[in-house]
Structure formats: C-alpha cells, structure tokens
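In TrEMBL this protein carries:
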- Asp12, Glu199: Mg(2+) binding site (BINDING)
- Asp12: active site (ACT_SITE)
- 13-17, Arg25, His29, 57-59, Trp61, Arg63, Arg180, 186-188: substrate binding site (BINDING)
- Asn60: active site, proton acceptor (ACT_SITE)
Amino acid sequence: MTSPAHVAIIMDGNGRWAKSRGLPRVAGHRAGVEALRNVVRAAPQLGISFLTVYAFSSENWSRPKSEVSDLMGLLKLFIRRDLAELHRNGVRVRVIGDRESLQPDIRGLLEEAEALTLANAGLTLVIAFNYGSRDEIVRAARKLAQAALRGEIEPHMIEAEDIAGALDTAGIPDPDLVIRTSGELRLSNFLLWQAAYSELVFVPCYWPDFGGDNLAEALRDFAGRERRFGGLSPEEAVTPALAR
Ligand code: FPP
C-alpha cells in the first residue's frame, strides 16, 4: 500500500466527546492530548514522514477565557512532558502559526522544542498553533511585498513557489491526506494553500476516540483514491506519440 508521506489532521470533537460523558470540556481536550500521543507513536510505523495537527486556530481565541487558558496549559504540559520522548524517538518538531501574539513562555517552549529536535531525522511533527490559513497567507504576502519594496524581487516574477516559500510551511511537502474527525465536513481555515490537491477523509468519531487503527483505516481509504492533480487518469491520458 502506498502510504501518504504527509498526513494533516483536524482534531475535532473534544467538546462533544466530553459532553456525551457529562464531563467538562477540558476533560475532552485532555483526552485529545492522549489521542495525539497515540497517533504520533503510530504514524512512523504506518510509513508517514510528516504529521501536521491543528492544535489551536487563530479563531479559537473567541472561546471563553477559561477554555483558552486550558488549551494553553495543555500545550505547555504536552511540550514539558513529551518533549524528551519525542526527541528520543527521533521526532522533529516544527511549529506553524503566528508566534508574535503568543505569551512569551509558550513561544519559548515551542522554540525550545524546535531547537532541541532540529537535527532529528524521524517523523516531522508539525504543530499548528495560533494558526489560520488566511492569516498565514496575509503574512506571506507582506513578506513578499517588503522584499519587493527593498528591490529584492520583481512583483511580476512572483511564482507559486515563492508564495509557498514565504508560508510557515516552507520546506514541508504539501499534505497528501487531510483527515477531520467528528463528522464535520469543512477545512476551517486549515492549510488552504497547501491542501489544493490533498485527498480528504472525514471520519465520524470524536478526536479522543481516534487511534492508530483509525489512522490505518484512513490510509486504506487514501490508497484507494486516484490522484490526478488536475490531469487525467493514466488510462484516459493520450501519450504524446499518439497525440501527434
Ligand atoms: C476541537 O474540539 C479541538 C480543539 C479546538 C483543540 C485541539 C486540541 C487538542 C486535541 C488537545 C490539545 C493539544 C495540544 C498539543 C494543545 P472542539 O473543542 O472544537 O470540539 P467540539 O466541536 O466538539 O466542541
């Protein structure tokens, strides 16, 4: 089976998982961190090289203060508790999203995780934190406009690769597969540029219930898809010799 090199996940449904058990929302997020741990352990065994997870969106600030603070606390705990294991397992951590508006302690922890694991050659775990795709594209446009003002680039020479190189995901291949849990059928401002040709798999279970088996099943679904990237399937495509 051909495994996707890059899988991106919208980890949705923590709140509903908690509600269905009569628990506070924070319990759902805690269980969500446990599911994340399991999936990070399972991913390399399934042939995945890049795993991107949507941990906190730029729109999540509009949640009640207490929930925002719970999510910030869980990220801190995750980095403090799991960084040593991630490093031991050769995981390289990358963070995408706007860092400027994060509290200095959170920003420091994220940067520490990136610096410690920079030379690791195993799974690349991309944590999307304070991330929103439109915000990322706006920041990239500003970078390119500033480079043009400095005379470093000509506006009419800007190509898709220049935009890709100015995004937070520079150097990371586009996701082959985007998975969203909890039955919602949306991308919610996640990797809008990068997911142009990604296969999408929507699974009904809430994120805390998602594990290695669900990931393997999503990969089987992916393996059955025919990716054409805007072209034709091999049997429909006319070879250049015949076309002449
Ligand atoms: C969506 O569930 C999930 C989030 C907003 C946050 C995702 C966070 C985690 C999985 C745990 C935190 C991980 C780290 C590393 C910080 P929801 O709250 O929108 O669920 P609902 O739609 O059922 O209410």
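Glycine is treated like the rest: Cβ placed from N, Cα and C.
Overlay of TrEMBL annotations on the structure.
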residue : record                       : DSSP (3 states)
Asp12   : Mg(2+) binding site          : coil
Trp17   : substrate binding site       : helix
His29   : substrate binding site       : helix
Asn60   : active site, proton acceptor : helix
Arg180  : substrate binding site       : strand
Leu187  : substrate binding site       : coil
Glu199  : Mg(2+) binding site          : strand
For this session: Just name the winner among Gly13, Gly15 (the binding-site residues) by count of other CB atoms within 10 A of its CB.
Result: Gly13
Exercise. Of Ser58, Trp61, Arg180, Glu199, listed as binding-site residues, which ones have a Cβ less than 6 Å away from ligand 1?
Worked result: none
Exercise. Asp12, Glu199: which of these binding-site residues has the highest Cβ count within 10 Å of its own Cβ?
Worked result: Asp12
Problem set entry | Lowest local Cβ density among Trp17, Trp61, which the record lists as binding-site residues, within 10 Å | Trp61
Exercise. Among all the protein chains here, how many other CB atoms are within 10 A of the CB of His29 (substrate binding site)?
Worked result: 23
Problem set entry | Of Ser58, Asn60 (the recorded positions), the residue whose Cβ has the fewest other Cβ atoms within 10 Å | Asn60
Seminar exercise, completed: Taking all protein chains shown into account, the Cβ-based neighbour count within 10 Å for Arg180 (substrate binding site) is 23
For this session: Could you round the CA separation between Gly15 (substrate binding site) and the residue listed as 'active site, proton acceptor' to a whole angstrom and send it over?
Result: 13
Exercise. Taking the Cβ of Leu187 (substrate binding site) as the centre, how many other Cβ atoms fall within a 10 Å radius?
Worked result: 17
For this session: Taking only the Cα atoms, work out how far Ser58 (substrate binding site) lies from Glu199 (Mg(2+) binding site), in Å, as a whole number.
Result: 24
Problem set entry | Integer Å distance between the CA atoms belonging to Asp12 (Mg(2+) binding site) and His29 (substrate binding site) | 10
